[in-house]
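Student: Input: one structure, supplied below.
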Amino acid sequence: MGNACGGSLRSKYLSFKQTASQRHDTDDNNNAAAADSPKKPSRPPAAAKTDDHPVSASAPAAAMRRGQAPADLGSVLGHPTPNLRDLYAMGRKLGQGQFGTTYLCTELSTGVDYACKSISKRKLITKEDIEDVRREIQIMHHLSGHKNVVAIKGAYEDQLYVHIVMELCAGGELFDRIIQRGHYSERKAAELTRIIVGVVEACHSLGVMHRDLKPENFLLANKDDDLSLKAIDFGLSVFFKPGQTFTDVVGSPYYVAPEVLLKHYGPEADVWTAGVILYILLSGVPPFWAETQQGIFDAVLKGFIDFDSDPWPVISESAKDLITKMLNPRPKERLTAHEVLCHPWIRDHGVAPDRPLDPAVLSRIKQFSAMNKLKKMALRVIAESLSEEEIAGLKEMFQTMDADNSGAITYDELKEGLRKYGSTLKDTEIRDLMDAADIDNSGTIDYIEFIAATLHLNKLEREEHLVAAFSYFDKDGSGYITVDELQQACKEHNMPDAFLDDVINEADQDNDGRIDYGEFVAMMTKGNMGVGRRTMRNSLNISMRDAPGAL
C-alpha cells in the first residue's frame, strides 16, 4: 500500500491536516515486568501518584467522587485480614491489567520486594465476580510450590480493594528474553516449551485448567535465568473434575482452541494453546491469522496449519510432528500434557537441533509483541481528537445512559441503556464491555472512556480520525512518521519505546525508513487489536450502529 496508494493517501492527509484537532494530554499505564504486567519498559516507570494509590488513605466521599467503591462494600474474601500497609510499603505502579493494577511492594519485616495486584471491589458486580477472585486466590495457593508458577505470598482486603501479594517477576516477558538472546534455536524453543507444558501438566494433575495461556502470561523471575520462567495470572482458571465439560468462551483469539469456540471443552484446550505458543516460538507468527477477529476464529475452526512458508522448510520434522499433534482439532485425539513432555523433540537431551533459527523469526516475534501497543496509543489519540460536533451523537447516548447525571455510567445504567437501544447482550457480555471500557478500573465508565470504547467499535476506520492520529505522531508535519517521533509520542504517553524500529519496519512497505499515511492506515486497519476476557464487540457494534444518535 505504501507504493500503490501512498501518494494519494498522503495528499488526503495533508489536506486534512490543518483541520485535524488533537490533544497531547492522554495518559497511559506504565508497563513493567511483574505479575499481571504485559510488557517490560525500557526504563523504570514513574512512581505512582499518591492520590491514585489503592492503599492510600482517603475519605469515603472522595472515593465516591472518583467512582471508587463505597466504604460499606461487603467482604470478598469472607474473613478478616491484616492491614496491607502494616506489612508492606507500597511502591510504583508496575502494570495495568484488565481487572487490577499491579504495584511494587516491599515487605517491612524482611525488605523483600513483591508484586501486589489490587482489584477494585467496584468491579466485582455479581456473585460470580466475587467467586472468580476467591477461586483465583485458591488456585494460586493450590499450585504453590511449583517452581514455574508464580508464588502467592498472601491476600488482603480493605474497604475498596482486594490485594494479592505475589512473587515479583522482574526478569521480563518470555518473548523479550528470546529477543535479547540473539542466538535462538529449536533446542532453546524445546526447553521453553518443556517448562510451559510442565506447568500445564502440573495444573491438570491438580485438577486445574488455566484457560488463558499466552506468552505474556509467562514472565522470568530473573532476567539471567531462563529456567526461572513463571506462569502468572490465574484469573480465568477453574477447578475441574475428570470428564467435566465447560461452555463459557474465555481466552484470547489467537490462542483459543476450537472446542472453546464450540462451547464444549475440557483441559485439552490448554494443550492446544501451548501448541500455538510453540508455533509462535519457532516462526514468530501465530498459526491462525486473519484480518479480523471473526476471521481468526474461522481459521481456528478450519484448523489448517501452514508448514510451507518460511521458516518451516528448515524446521525439523519432529517439531512439526509435535505441533500437529498438539493442534489436533479433535480434543480426545490430542496429546495430553504428559504425552507432550514424552515426545522425542521436547525431551531433555532430545532431538531438537541446536542450529540457530532464521533471524527473521526473532524480528517477527518482536513485531508481534510491539504492534498492538502503537495501535492502542493511536486509538487513545483518536478518541482525544474528536470534535464536539463529531461526538454529539455519542454524547447524547452517554447522557441517556447516565441516568443519575453523575458523569459516569454504572453497570446497571449501562445494562438499562443498552436495553433501551435494542441490545440483546447477555449480562456477562455487558460486564465484558465494562471491563473493556473502564480504563482506570474505577468500576464505572466516564465520558472519555465511553467515547474511546464506542470509537473502538464503530469509528476506528473513519479516515478523518486516522488523519488526526497520524497528525499527532507526525510532529514536524512532514507527512511521515519517524522513529524519533514515535519515541517522543511514547514518552508523552509514558509507554515503553522498545522495538519501535520494528514497528517502523513492519509498517514501512516502501522501505524508506518511515511511515507515510497510506502505510499508517494499512497498519491501523489490519488484523486484530486484541480482546481481553471474552468476545462481544461484534454484537455490540450491531446493537449500537443502528441506535438513535449513533455515529
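Using N, Cα and C of the backbone, Cβ positions are placed for all residues, glycine too.
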Student: Which stretch does Swiss-Prot mark as region 'Autoinhibitory domain', out of 135-165, 352-382, 445-475?
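Tutor: My reading of Swiss-Prot: the region 'Autoinhibitory domain' range is 352-382.
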Student: Roughly how many angstrom lie between the C-alpha atoms of Glu485 (Ca(2+) 3 binding site) and Asp404 (Ca(2+) 1 binding site)?
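Tutor: Glu485 (Ca(2+) 3 binding site) to Asp404 (Ca(2+) 1 binding site), Cα-Cα distance: 43 Å.
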Student: Applying a 10 Å Cβ distance cut-off over all chains shown, what neighbour count does Asp474 (Ca(2+) 3 binding site) have?
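Tutor: Total other Cβ atoms inside 10 Å, all chains included: 24.
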Student: Ser478 (Ca(2+) 3 binding site) to Glu413 (Ca(2+) 1 binding site): how many Å between their Cα atoms?
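Tutor: So the alpha carbons of Ser478 (Ca(2+) 3 binding site) and Glu413 (Ca(2+) 1 binding site) sit roughly 45 Å from each other.
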Student: What whole-number Å value do you get for the CA-CA distance of Asp476 (Ca(2+) 3 binding site) and Ser406 (Ca(2+) 1 binding site)?
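Tutor: Roughly 40 Å, rounded to the nearest whole number.
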Student: Could you tell me the C-alpha distance between Glu413 (Ca(2+) 1 binding site) and Asp474 (Ca(2+) 3 binding site) in angstrom, no decimals?
Tutor: 39
Student: Tell me, how many other CB atoms lie within 10 A of the CB of Asp404 (Ca(2+) 1 binding site), whichever protein chain they belong to?
Tutor: 9
Student: Per DSSP, to which secondary structure element type does Glu413 (Ca(2+) 1 binding site) belong, with helix, strand and coil as the options?
Tutor: helix
Student: Suppose the Ca(2+) 3 site is Asp474, Asp476, Ser478, Tyr480, Glu485. Which further residues of the same chain have a Cβ inside 8 angstroms of that site's Cβ centroid?
Tutor: Phe473, Lys475, Gly477, Gly479, Ile481, Thr482, Arg514
